[in-house]
Amino acid sequence: MFMSSSSSSHARRPQLSSFSYLHPPLPFPGLSFFNTRDKRVNFDSTRIICIAKSKPARTTPEYSDVLQTGLPLIVEDDIQEQEEPLEVSLENQIRQGVDIVKSMLGSMEDGETSISAYDTAWVALVENIHHPGSPQFPSSLQWIANNQLPDGSWGDPDVFLAHDRLINTLACVIALKKWNIHPHKCKRGLSFVKENISKLEKENEEHMLIGFEIAFPSLLEMAKKLGIEIPDDSPALQDIYTKRDLKLTRIPKDIMHNVPTTLLYSLEGLPSLDWEKLVKLQCTDGSFLFSPSSTAFALMHTKDGNCFSYINNLVHKFNGGVPTVYPVDLFEHIWCVDRLQRLGISRFFHPEIKECLGYVHRYWTKDGICWARNSRVQDIDDTAMGFRLLRLHGYEVSPDVFKQFRKGDEFVCFMGQSNQAITGIYNLYRASQMMFPEETILEEAKKFSVNFLREKRAASELLDKWIITKDLPGEVGFALDVPWYACLPRVETRLYIEQYGGQDDVWIGKTLYRMPYVNNNVYLELAKLDYNNCQSLHRIEWDNIQKWYEGYNLGGFGVNKRSLLRTYFLATSNIFEPERSVERLTWAKTVILVQAIASYFENSREERIEFANEFQKFLNTRGYINGRRLDVKQATKGLIEMVFATLNQFSLDALVVHGEDITHHLYQSWEKWVLTWQEGGDRREGEAELLVQTINLMAGHTHSQEEELYERLFKLTNTVCHQLGHYHHLNKDKQPQQVEDNGGYNNSNPESISKLQIESDMRELVQLVLNSSDGMDSNIKQTFLTVTKSFYYTAFTHPGTVNYHIAKVLFERVV
């Protein structure tokens, strides 16, 4: 359960609780809010107790390790020996975790972020406008004095990055020296700089801070003027000076003084600036591209009132310290939604997510967005993530926002960037998969991003310049290997829970910084708890569906347990929510019944026709003519009675849940499939339509099938799934075709031509499903896409990968 501890009287913002398991004990430290003053969320440390049955818990590596010809060994005894499901519901624990996250999402304003010692030092350097010789913001100096680390440095206390510690520490030493205070702290800080400056040589270049090659030499020059002696013969420093000189020669001074660019973010390191021109490029909040240090530098030179207001507001808001960038409202709103979705817990927060995306859409522009609202500079990372989420949620957004980022055959994050960001191109790739027909710019974006990411993966160069995260190679690898058309929600969640670093993930700006509403252990532990809770139910269902399988002797009709497991896995990976159990089981049983009928009669057209005729007779008479049972072959009779018994159970389940009798609709749907199948013996013809119709009926969704849009959705879904089914059948014994390195397919191969048609139809289907202006219930439309993606997954996912996903999703608990 969640248990509140006594409130802290500490002046800093209260910690937001994280979760911890007591069996076994794993400490999860609380989530700190880094000295912010306005306190909207007040939750103390909490923990969760998971109570399991007395039987010792076991993990289930055998499902991923014990393979026979690429398939898991399915043995009844193995299944029964697995860890038993939880004895008690964790509903209350989950509810309390959800309440915490709801409070977080409901308190969003300009973004929660950590304090930057470097930026705070620049603010502390500002001289009082009315009292020369004294600091304008003494509370910033006090923050510096209060936050020196035990080793004498300033910076992120939990991650040692030499670039971060050195630039933070040198800036703070300069600020203290400037005002001749705390000489002991200055001495300790200077000793740290001298002892650690050589470590710059050993760090990954990808993790060099933004603008470090400009800002750090500038600080060294300031230190020298203040009489602070720092050895400048280090090879690392010489390399930094070389990079600075090269970058300064590339800066288009005429452009930067007349057009907003990312250079506004790092003015404090640039010489010979024309402030009369630059002040015209201020953001509406008075900042220079939302950078406190850049704005403080401008304030020193201009005494501009808008600059002063921006800095003054931050100093008061954060109790003397300031972040490295602020606001970060769009960044926070977008990335929170992405994390919640990938962690599989977004269903708890529909109103909050709607509000988040509505906020983002209000500040969306024809050129995209950046991390903060009302910016005249945009970046591809925030634009791509925003585009993807807005389109997924039915907003009309044009892909033309990406045109400004296209430079020749490449796409860049910013104008004038020196190197690409892995995550920026990764998010561009994710956005490009939301493609509608005729969106050429997204085709080009997908082609470029696929090539770029594959090259980086092949070279083991998946380090990013914007974030240090737990498993970026895993995230990128999954996205490349399992494209969005084949991405099943529960598979993505199961893997992302392991990839998400929680509060250990740290972002790279001018300094390292934290985004506690984006990266925290609260989301992570709630996701783990919810996943295991759902999985426990799925394991119970798996046991029950095996009993249903055995009870009807479906093995005798050509359906083996491997097929049963895969079918249930597909249903569960798409419809995983506990409250949607009837839809999930209906999906699995419908597919198994279709397979049994098609498998048993696949070699005889006459028997198919006989089955179809008897099926219709049974349908019309409910099994009786003049009070006597139909006289048919035992197998046909058994299958027909099996189908109708199962359909009647479906109807009863729907009646109990939704209070609506769907028997007639179910019978009609099955009759349509049977008649279609008996003509050519192809079970795939119309199977998707049967599945979509059945799932929607079980979900309580009814809609007129006469409408043109409904008919178009069925036609597209049937066409694509039929092609995918055949593709899978033809290629099930060989490696599925992979996307070529150029993001397309080899058109000389007949199978590739069919694949291109599938891709074209998928784009149209995605457009129909995501279009919110047609008036159709989005839940109804989503079923069409969900079913189609399951067919896509089956067709293009290697059997070994499927086995791995089955083991992870159904049988391996999250720890």
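Each residue, glycine too, has its Cβ placed from N, Cα and C.
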Which one of 43-46, 379-382, 499-502 shows up in Swiss-Prot as motif 'DXDD motif'? 379-382
Quick note, ASP381 (Mg(2+) binding site) and LYS465 (substrate binding site): C-alpha atoms separated, nearest Å, by 12
Mind checking which residues reach the motif 'DXDD motif' (379-382)? Cβ under 8 Å, same chain, six or more beyond either end. 330-331, 334, 368-371, 402, 405, 411-414, 421, 423-425, 427-428, 466
Three-class DSSP assignment, LYS247 (substrate binding site), comes back as helix
Ranking the binding-site residues LYS247, LYS465 by other Cβ atoms within 10 Å, which is at the bottom? LYS247
Counting Cβ atoms within 10 Å across all protein chains shown, which of the binding-site residues ASP379, ASP381 comes out on top? ASP381
What's the CA-CA gap between ASP379 (Mg(2+) binding site) and LYS465 (substrate binding site) in angstrom, rounded? 14
In the motif 'DXDD motif' (379-382), how many residues does DSSP put in helix, strand and coil? 3 helix, 0 strand, 1 coil
